[in-house]
Amino acid sequence: MITFFLVGLTVHIVFFLSIFDIYFTSPLVHGMPPHATLLPPPASRLILIVADGLRADSLFMPLHNGSSRTPYLRSIIEEKGTWGVSHTRVPTESRPGHVALIAGFYEDVSAVAKGWKENPVEFDSVFNQSRRTWCWGSPDILPMFAKDKNVFFLHLLGIDTNGHAHRPMSQQYLNNIGLVDSGVAEVVSIIEEFFNYDGRTAYVFTSDHGMTNWGSHGAGHPSETLTPLVVWGAGVQTAQRATDPQPYIDEYLQDWKLEEIRRVDVNQGVLPLPYLNNTDHFKAQSMYTNALQVLEQFKIKMSQRKDTTLSFFFTPYHQLDCLDLNHLLKLVRLSFVSHQVSLCQSLISHALEGLVYYHTYDRFFLGCSVVLGFVGWTSYVVLLILKTHASLIRNPSILRQIPNHTLARVFMCLAVAIVAFLLVQKSPMTYYIYCLLPVPVWYSVLKESGTLTDLIHSAPSLPLWKCLSYFLLVALGVELLVVSFFHRAMLTLGLAVLSLWPFVCGIFGRSKLRSLSWFFSCLCLAVFPLMPVMGRESNIHLVLCGGVLTFFTSACFLFSLWQRSVLHPCDRQQFMLHVVVCAYVPFLTHSSLQQKQGLPLLNQIISWTTLASSLLVPLLSSTRLFHRLLSILLSLTATYLLLSTGSEALFPPALSWLMYVWINIEQEAMLAQGVPGRQELSTIDFSANIDISKIRQLKLDDIRRSYFFVFFIITAFFGTGNIASINSFDPTSVYCFLTVFNPFIMGGLMMWKVIIPFIIVMCTFETIQVVTQLSSRSLFLIVLVISDLMALHFFFLVQDYGSWLDIGTSISHYVIVMSMTIFLMLLSVVTHTFTSQRLALWRRPKIHFP
């Protein structure tokens, strides 16, 4: 098992890392000769002012009385400059936003995993290409772009800070915008006076990203991606009156009372000619220089491809490679000025397409290699399940499998051929790993061909229609889980279908109460995926309701246990007061923060003490099945309540109710199938040694149990939020622990909040393995197959184009599914300790549980 785990871990790490070589290598090209416009520039200096976290509507929207909270910038828009909306991309964070501002391109996708670092990918920017740059602002931002060469860069962080702390609709945020407006007026006055009003200064005022109503940024909501842009000064077109209706389908112009002034929106990377106030000749020369620079990149990329790829595999880009580029550039130079701009734009467009073509040239080849390895690994796991955990009729035929020495020689020759092919192509070392991995995997599959023969031989004795229906349902179920990553409402549909299970399989006639409990608990849990994960307002009364609901259900459960068995007073009272206190602490904290009194020290002490004890206290309770499960639930729910701000506080009680019913109803399912040896659930002890002789082989119903487990894990992922999106996490949920911004501690607390529902599901699955007398290894292998099938789906859905929202979502989905099996294996060790181990801090009388 250890060897299999290590091999499986290695294979999954290779599959995971492959997307970064296939999809996320840097497209930037280095080593081109620089090109510059030789005409004199209209400005001698540039003043770049970035108001971090400023939304477009917050700047442009007038007050109720018709005046503006930014009178200076409003006067610039109406009289002196050009304005518009800058459309940013995800992630709407400081570094990607500033890269787009100063370099003119969106953040390199190969830097997606490198975080806030100074130039994780080297690139040229307006700072590099200027003689001198002076920067003032946040010490978190300026060092990222400190390789300076005449540019003045002023970074203003106050708006972003107030937005996080008080939300963008707060008076603090709006007052800070007015403060920035007056500060900009003062800065402009000082600069103009210093340079004797020479009229050679250009000003750009913009923002790196916006902010949601709930005080976050990083994803793709319009409040984050729409940022203001106001440009004025030397070389900039002055305000123009709009004589015709402007070509924008949104209603911002009317809302902002700016429909009479020309609006010019920009996307990073495109030269915004309407902003320039200069001759047509200057504009044409600027476009021509831009085209030359892009074509230099194209030539280098094309030459690299020709140098490293076999000629008979090389297919040149048809739009440009078959043309004489020098002749094309000559035609551009000889064209009329009015025609040069359009020719240059067309040339740039084709060159960019060619860059993409050569950048993705190996993608299909590498993708096929990885998919071949994926399919081979999944096939091997299926054969392993059939060989070791299924009751197949063994076929004594001598033709059961291919001779090992012949098979080994064939695959050795194949490996040598692959290595020779990659050597001739001068491929990177990682290519060898991706292309050679399928060789040993498929060798292992074909070595187990005898198991496939046994399956064929056993087919007449199997209920084929039942097998086909099971596999069809699981296939549809896997598709539903894949779609649920994009549409959480699919989990609601899945829970609605699962609620009918006892009525379809005949359990209802045997146990009506448990069947109805399953039905209603599924429907209750089905409500949560329909709730929004973003933009929810805090509702501390729902947190109190979550505490009361947990208290009530626990009291009922403890009363039923008390009637059936002896229960120590400590087990009855251990957590009841604890849950009530932890539901009331968020209420006190919320009230204190609203009154600007800060986080009370006592509340902070209680919160951290509860968190620290949540992993220790369950180990003090009895190891009897339901006693230990209740102890785990109450201990974890207490912490969850401290990290809740609204309706999500109701999720653990609803999930736990369904898990409790699932444990009971699985026993009824075993009786319905005629499985003997039922043991009363209340008498099962987690710490008892499992009788290996009672471990049974797999049955078709175990596939359904494994699918239920994966489904509930995904429901835990997306039930109250979206772990694939940074925007679904509310920073106010950690205010019971700390209010000072600390991304690492806050991130850790929010991650623990996400893990708590997983532990509840994992403990339930651990219980079902004990109840159904099934090997945990066999169930894990089925879960591995299901998760790998989902991972193969998401491998095809990974993309490196479109917005960063699309890119980041495709990566996070693939990462979640690829790491799910490894994560669940590690979590299973924790839950096994949680359920079976016990710390004896005091000696109890022998009449009580061991």
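Glycine too: its Cβ is placed from the backbone N, Cα and C atoms.
Note that TrEMBL annotation is computational and uncurated.
Residues or ranges marked as domain 'GPI ethanolamine phosphate transferase 1 C-terminal' by TrEMBL: 353-803.
Residues or ranges marked as transmembrane segment by TrEMBL: 364-386 (among others).
Annotation source TrEMBL lists transmembrane segment at 406-423 (among others).
Annotation source TrEMBL lists transmembrane segment at 429-446 (among others).
Annotated transmembrane segment per TrEMBL: 467-486 (among others), in sequence order. Through the fold, the transmembrane segment (467-486) approaches residues 493-494, 529, 700, 703-704, 707, 710-711, 714, 718, 724, 786, 789-790, 793-794, 813, 816 of its own chain, all at least 6 residues removed from its boundaries and within a Cβ separation under 8 Å.
Here the transmembrane segment (492-509) has long-range neighbours at 477, 480-481, 484, 515, 518-520, 522-523, 525-527, 529-530, 665, 668-669, 672, 708, 711, 715, meaning same-chain residues at least 6 beyond its ends whose C-beta is under 8 angstroms from one of its own. Residues or ranges marked as transmembrane segment in TrEMBL: 492-509 (among others).
Summarising the annotation, TrEMBL assigns transmembrane segment to 516-534 (among others).
What TrEMBL records for 575-593 (among others) is transmembrane segment.
The transmembrane segment feature in TrEMBL is assigned to 599-620 (among others). Within the chain, the transmembrane segment (599-620) has long-range Cβ neighbours (under 8 A, six or more residues past its boundaries) at 574-575, 578, 581-582, 585, 588-589, 592-593, 628, 631-632, 635-636, 638-639, 642, 735-739, 749, 752, 833-834, 837-839, 841.
TrEMBL lists 706-724 (among others) with the feature transmembrane segment.
Sequence annotations record features per position, and here TrEMBL assigns transmembrane segment to 744-767 (among others).
Marked as transmembrane segment by TrEMBL: 779-799 (among others).
Per TrEMBL, transmembrane segment is recorded for 811-834 (among others).
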The transmembrane segment (406-423) vs the transmembrane segment (429-446): 3 or more CB pairs under 8 Å: yes
- prompt: In the same chain, which residue numbers or ranges, 6 or more beyond the ends of the transmembrane segment (744-767), come under 8 angstroms Cβ to Cβ?
  reply: 611, 625, 629, 632-633, 636-637, 639-640, 643-644, 651-652, 655-656, 659, 662-663, 709, 712-713, 716-717, 719, 721, 723, 729, 731, 733-734, 737-738, 776, 779, 824, 827-828, 830-832, 834-835
Message: Taking contact to mean 3 or more CB pairs closer than 8 A (sequence separation of 6 or more), are the transmembrane segment (429-446) and the transmembrane segment (364-386) in contact?
response: yes
- line: Lying 6 or more residues past either end of the transmembrane segment (364-386) yet within Cβ distance under 8 Å of it, the residues of that chain are 4, 8, 11, 14-15, 18, 21-22, 392, 431, 434-435, 437-438, 441-442, 444-445, 448, 451-452, 454-455, 698, 778, 781-782, 784-785, 788-789, 791-792, 795
Field: Intrachain neighbours beyond the transmembrane segment (516-534), with Cβ under 8 angstroms and 6 or more residues off its ends
entry: 212, 214, 219, 221, 484, 488-492, 495-496, 498-503, 647-648, 650-651, 654-655, 657-658, 661-662, 665, 715, 718-722, 725, 727-728
- request: Average the per-residue pLDDT over the domain 'GPI ethanolamine phosphate transferase 1 C-terminal' (353-803) and send me the rounded value.
  value: 81
